[in-house]
Amino acid sequence: MNDWLFDLGNSRFKCASLREGVIGPVTVLPYLTETMDAFALQELPRGRVAYLASVAAPAITTHVLEVLKIHFEKVQVAATVAACAGVRIAYAHPERFGVDRFLALLGSYGEGNVLVVGVGTALTIDLLAANGCHLGGRISASPTLMRQALHARAEQLPLSGGNYLEFAEDTEDALVSGCNGAAVALIERSLYEAHQRLDQSVRLLLHGGGVASLLPWLGDVVHRPKLVLDGLAIWAAVAANV
């Protein structure tokens, strides 16, 4: 039986098989709320060991864990540590560094100096030097969350729709341009500062469910949609040898 990797985020739930260190095709599962659909949970794969990375609400994580413990012989939950597989986290209290960010750094180690950007509910930015030292990062709202926040405070502002323009001439376009533009500007500023700090070239890596709307405006960027799962596979290999 295969081992399986599970990436449970705030709005997306993905999994992939893991066999002899090789990750299989990624499956996007129905996102499970606190009122979970029991049938959907029963459709989760079965295997030997399940490796779970979760930044979801505790109630959601608990529900998923309960089912995984039935479907698998063993379940291991990834957690951030100060140092792992060549990567050293900058936080004085590593447990406060999100496990998704931690795993994304593990997945990108070995690719030189990298600026790792995750676009989901939040927009996260982390700088990893080629020697494995994490040099810190930023957290902001993603463009999607920005629009949700604006709509929540001013219902007349549409939640979706519009096209990116540098100077928009209607509200929907202006919202897309402002929210996406804010994200692009923060990424570009961070990339500039990364170059200044390291005085070397820095690759820009993007992952997460919200990257599609930003990719056209970021120039030389590497899209790594399964970066967290890549990191989880590395974490799993370390855990298996402990």
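Glycine residues also receive a Cβ, built from the backbone N, Cα and C atoms like all the rest.
The feature active site, proton acceptor is assigned by Swiss-Prot to Asp100, with sequence analysis given as support. Taken residue by residue with DSSP, Asp100 (active site, proton acceptor) is part of a helix.
What Swiss-Prot lists as ATP binding site is Asp7, Leu8, Gly9, Asn10, Ser11, Arg12, Phe13, Lys14, Thr121, and the listing cites sequence analysis. Neighbour count (other Cβ atoms within 10 Å of the Cβ, all protein chains): 20 for Gly9 (ATP binding site).
Summarising the annotation, Swiss-Prot assigns substrate binding site to Tyr91, Gly98, Val99, Asp100, Arg101, Thr171.
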Cα distance (Å, whole number) from Ser11 (ATP binding site) to Tyr91 (substrate binding site): 25
I need the CA-to-CA distance for Arg101 (substrate binding site) versus Asp7 (ATP binding site), whole Å please. 12
Looking at the recorded positions listed here (Gly98, Val99, Asp100, Thr171), whose Cα lies nearest to that of Phe13 (ATP binding site)? Asp100
By a simple count, how many Cβ atoms lie within 10 Å of the Cβ of Thr171 (substrate binding site), its own Cβ left out? 13
